[in-house]
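According to TrEMBL, the protein carries these features:
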DOMAIN    35-272  domain 'Threonine/serine exporter-like N-terminal'
TRANSMEM  142-162  transmembrane segment
TRANSMEM  168-185  transmembrane segment
TRANSMEM  220-240  transmembrane segment
TRANSMEM  252-273  transmembrane segment
TRANSMEM  293-310  transmembrane segment
DOMAIN    301-422  domain 'Threonine/Serine exporter ThrE'
TRANSMEM  317-335  transmembrane segment
TRANSMEM  341-360  transmembrane segment
TRANSMEM  367-389  transmembrane segment
TRANSMEM  401-428  transmembrane segment
């Protein structure tokens, strides 16, 4: 045999067994890292992470793991590209996941990702934990959500819509009805397409029927306070301001569509009541309000309802309630002296953002947890629905004014939150070290 002849049974592409095992292990590790990133991204979207900051957050997590990855999030879907610089190839994954809010699970997901980045948790354990988070039931059952709908509508009348106790009682019952309709929409796909319109029609019809005893505007808007699109509208403006043009435009158009549907439903309910009574609703109607001293009791009540709706753990309630109280108190006293659609939301949201970022810097918790319920009281959902009603009633001047106020309120909230993030990054070293701004609005 010649010296260059191959050994028996060994080809030119032969790879020794130890090398094969090493290559297989490296491939398995890469696939595990990719699975972890995809599950983490899905968890962040489903649990309420700020979408305009999520792409950067996920790319930073991929960089920590040594992967070349790019993320592109849209409402309800995310595209993930994993690249291989050696072979110059890439693969793209498209994940469909519904956007929601679960503050307890969001905080757990943030802590989990931080533990992986710091090497305190293995990828195998992280994947198992994420799988448990994605499949475990919510923090609060359906009956607790119904109670939250009642409390939010009851307390929302005097806090947000200047109503009295009779208005609050009726709105609370109607809010409970809206909560039942919400649960029905989750279970029946066909009904979910008509949910906003049907809920608005029912609420408007009953409020119009009781117009001799209650304030129509206070009752009708407070009853649907949990489904008003104000938070979505504000989020869309923040995405547009963050240069997330595609997702921001989609969310903005969707929020305006929901506002139009709800405005149409409220007007349709009034028109149906006209069959029995010639009741005229006015966008400029004023109602009797209660003493502002009652706000000290109503603020914690509506904070609890928002906390339940956001699926927050009881340990998160104190700071969420405190942040909401700070934001509402600021808004209340500013509006006493400065009658401005621009200044009050901007300053109030700045205070809310500062409280949330200080809390995040001191505890390491995501800042979005205390900020969200406080923003819910500032969002312009009621203004949006009122503007739609004014337009549908052919009051173009009122409709244009309310629409402009709605956008200006969203812009004010956006500017205030972004300013709070900048000030926090400048003044709080812990914020820079932990990069908690990535989980702030």
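In case you wondered, yes, glycine gets a Cβ from its N, Cα and C as well.
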Counting Cβ pairs under 8 Å that sit 6 or more residues apart, are there three or more between the transmembrane segment (293-310) and the transmembrane segment (252-273)?
no
Do the transmembrane segment (142-162) and the transmembrane segment (341-360) share at least 3 Cβ pairs under 8 Å, sequence separation 6 or more?
no
Going along the chain, which residues at least six beyond the ends of the transmembrane segment (168-185) come within the CB cut-off of under 8 Å?
142, 145-146, 148-158, 191-192, 195, 198-199, 202-203, 206-207, 210, 213-214, 218-219, 222-227
Reported mean pLDDT - the domain 'Threonine/Serine exporter ThrE' (301-422):
80
